[in-house]
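Here's what Swiss-Prot has on this protein:
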- CYS7, CYS10, CYS26, CYS30: Zn(2+) binding site (BINDING)
Amino acid sequence: MPLTVNCPICKAPVEWVPQSAFKPFCSERCKLIDLGDWASEKHVIPVKAEFDPEAFDEFDLDEGDFFKE
């Protein structure tokens with residue numbers, strides 16, 4: 001018996017088999033709704049937004065000499 005998952009959009013059951021063209025979605029409609037949510041930034045991948053000056057420490061660069069040639 002194949003694995004069955006719920007569509008992330010409408011919660012309809014979807015069989016996880018090669019013939020399921022839109023898995024994990026149940027249809028192209030649900031797939032496009034999810035794509036639209038990503039495009040409109042309803043879904044985002046969290047990132048550290050602030051600059052970390054300590055990131056330069058691993059390169060042993062002095063900030064005063066950073067842009068000198």
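Glycine is treated like the rest: Cβ placed from N, Cα and C.
Note that the structure is a prediction, hence the values are computed from the model and not measured.
In the structure shown, across all protein chains, CYS30 is the one of the binding-site residues CYS10, CYS30 with the greatest number of other Cβ atoms within 10 Å. In the shown protein chains, 21 other C-beta atoms lie within 10 A of the C-beta of CYS26 (Zn(2+) binding site).
Sequence-distant contacts of CYS7 (Zn(2+) binding site), defined by Cβ-Cβ distance under 8 angstroms and a gap of at least six in the same chain, are PRO13, VAL14, PRO24, PHE25, CYS26, SER27, CYS30.
Taking the centroid of the Cβ atoms of CYS7, CYS10, CYS26, CYS30 as the Zn(2+) site, the other same-chain residues with Cβ within 8 Å of it are ASN6, PRO8, ILE9, LYS11, ALA12, VAL14, PHE25, SER27, ARG29.
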